[in-house]
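Below is one structure; the comments refer to it alone.
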Amino acid sequence: MLYLILFLIAPIYAGVLLPTKPSIDPFYNAPEGFKNATVGDILQFRKTPKSITGGFVPLNVQNSWQFLVRSEDSFGNPNVIVTTVIEPVNADPSKIASYQVSENAARADCAPSYALQFGSDVSTLATQAETYLLAPLLDKGYYVVSPDYEGPKSTFTVGKQSGQAVLNSIRASLKSGKITNIAEDAKVLMWGYSGGSLASGWAAALQPDYAPELSRNLLGVALGGFITNVTATVEATDDTIFAGIAANVLGGIANEYPEFKSILQNDTNKSSIFNKINNHCLTDSFIKYVGARFLTGDNKVFKSGWNIFKNLVVSKIVKDNGLVYQKQLIPTIPVFIYHGSMDQISPILNPKKTYQNWCDAGISSIEFAEDLTNGHFTESIVGAPAALTWIIDRFSNKPPVDGCQHVVRTTNYEYPNVSSSILDYFKAAMDVVAQQGLGPNIQKDQLEIKSNL
């Protein structure tokens, strides 16, 4: 009888618990007159409808909000993005970590603002898992800001849209003092891995011209599993167990460029597959397209195969969205790159080329920590303590490297002074699982869970 009751009430219970998906949530819609707002303006805000997720448990933090922010697409057309702001217990209003999660999908319902909420769909599990990477930032007392940088069209791997969204999210956060208590002159570090590195890297490269006023706030950017050439990522993943990434790259670019989409549509052997590319978040794409041949072999999805990249329109679009080709865009803030030599998603050649381009242009500070024994997925874990160490040093006003430094290590667990950050990760993970408060100097009477279940 008990099981029958549970079976009958489960749909009702689930309806109460689950956050609303962006595609049917009116909060994500641009309000009337939004085009007249300035980029970075907060158009509306709310508490996150559900608690921030820790996977199977909610995070115990002080507060969390969603902002609807005025931004723009790759062509300068006005649009809106949603950004999530998380306040830890005993937060430091002078420090912000802008953490770009690796959404790596071309569907609105995969957006970080949705995926970071407790109860979000299992298809967003890869994004949910990144809360364990950002948890130590909260434990240090930093506000964490995470934008839906792909924008309302879900333009995965589209550089300009993504970078501008990150910068406008930071602008909004710095204006949010009356809501969040963040100081207007707060210092900001950007960090992203995989798709999040693409957005963060573009933000750093665009910032001197697009958001020059942020120079007084930005302390640097950490880039892991750094994607700088989208064609190389498609080449590396097509006809492999990671072919879902190739699908999502093509779908994301098609969402921003109608002419790109039209060329793909007219070249397809399997329209049913192409038309469903945007139906999946990353986890689903991996499962759905394992071993898929979009451009390889006889039974490929696109007739032209790799020759499609010789099409002048396609070639220009993919190069316009590859940071490795943008030699005129040079960050003026310190840069930290950590990357596995065995990366299966973003082969290390292109991050190295981007590093060299920036060095040749005279960048003031860039550090490349190459990990000999790890690939894309393992480096996201192994390299994270090195990135955290670098970020803590920047917030502590320690000087970054002068000029360019590329160091190859057996593993980035050998990064200097990394041991304390490794312990920070273990502590934060245990705090998440035990639903302990995330933040510095927490007293026992502050451990009540701030839940929006």
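Quick reminder: no glycine exception, Cβ is built from N, Cα and C everywhere.
Features of the protein shown, as given by Swiss-Prot:
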type     : residues  : note
ACT_SITE : S194      : active site, charge relay system
ACT_SITE : D343      : active site, charge relay system
ACT_SITE : H376      : active site, charge relay system
DISULFID : C110-C281 : disulfide bond
DISULFID : C359-C404 : disulfide bond
CARBOHYD : N36       : N-linked glycosylation site
CARBOHYD : N229      : N-linked glycosylation site
CARBOHYD : N266      : N-linked glycosylation site
CARBOHYD : N269      : N-linked glycosylation site
CARBOHYD : N417      : N-linked glycosylation site
SIGNAL   : 1-14      : signal peptide
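Overlay of Swiss-Prot annotations on the structure.
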{"residue": "N36", "record": "N-linked glycosylation site", "DSSP class": "helix"}
{"residue": "C110", "record": "disulfide bond", "DSSP class": "helix"}
{"residue": "S194", "record": "active site, charge relay system", "DSSP class": "coil"}
{"residue": "N266", "record": "N-linked glycosylation site", "DSSP class": "helix"}
{"residue": "C281", "record": "disulfide bond", "DSSP class": "coil"}
{"residue": "D343", "record": "active site, charge relay system", "DSSP class": "coil"}
{"residue": "C359", "record": "disulfide bond", "DSSP class": "helix"}
{"residue": "H376", "record": "active site, charge relay system", "DSSP class": "helix"}
{"residue": "C404", "record": "disulfide bond", "DSSP class": "strand"}
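Between N36 (N-linked glycosylation site) and C110 (disulfide bond), the C-alpha separation comes to 28 Å. Neighbour counts of Cβ atoms within 10 Å were compared across the disulfide-bonded residues C110, C404; the minimum falls on C404. Checking each of the active-site residues S194, D343, H376 against C281 (disulfide bond) by C-alpha distance, the shortest gap belongs to S194. Among the recorded positions N229, N269, C359, H376, C404, the ones whose Cα sits within 10 Å of the Cα of D343 (active site, charge relay system) are H376, in sequence order.
Summarising the environment of N266 (N-linked glycosylation site), the number of other Cβ atoms within 10 Å of its Cβ, over all protein chains shown, is 10. Of all the recorded positions listed (N36, D343, C359), N36 has the fewest other CB atoms within 10 A of its CB.
Around the Cβ of N229 (N-linked glycosylation site), the same chain contributes G322, L323, V324, Y325, S346, N350, each under 8 angstroms and 6 or more positions distant in sequence. Taking a C-beta cut-off of under 8 angstroms and a sequence separation of 6 or more, H376 (active site, charge relay system) has the following same-chain neighbours: S194, G225, G340, D343, Q344, I345, S346. Among the recorded positions listed (C110, C359, C404, N417), C110 has its Cα nearest to the Cα of N269 (N-linked glycosylation site).
The most densely surrounded of the recorded positions S194, N269, N417, judged by C-beta neighbours within 10 angstroms, is S194. Put simply, C110 is the one of the recorded positions C110, C359, C404, N417 whose Cα lies nearest to the Cα of N266 (N-linked glycosylation site). A gap of 20 Å separates the Cα atoms of C404 (disulfide bond) and N417 (N-linked glycosylation site).
Taking only the Cα positions, the spacing between N417 (N-linked glycosylation site) and C359 (disulfide bond) is 25 angstrom.
Under DSSP, N229 (N-linked glycosylation site) is assigned to coil, being neither helix nor strand in the three-state scheme.
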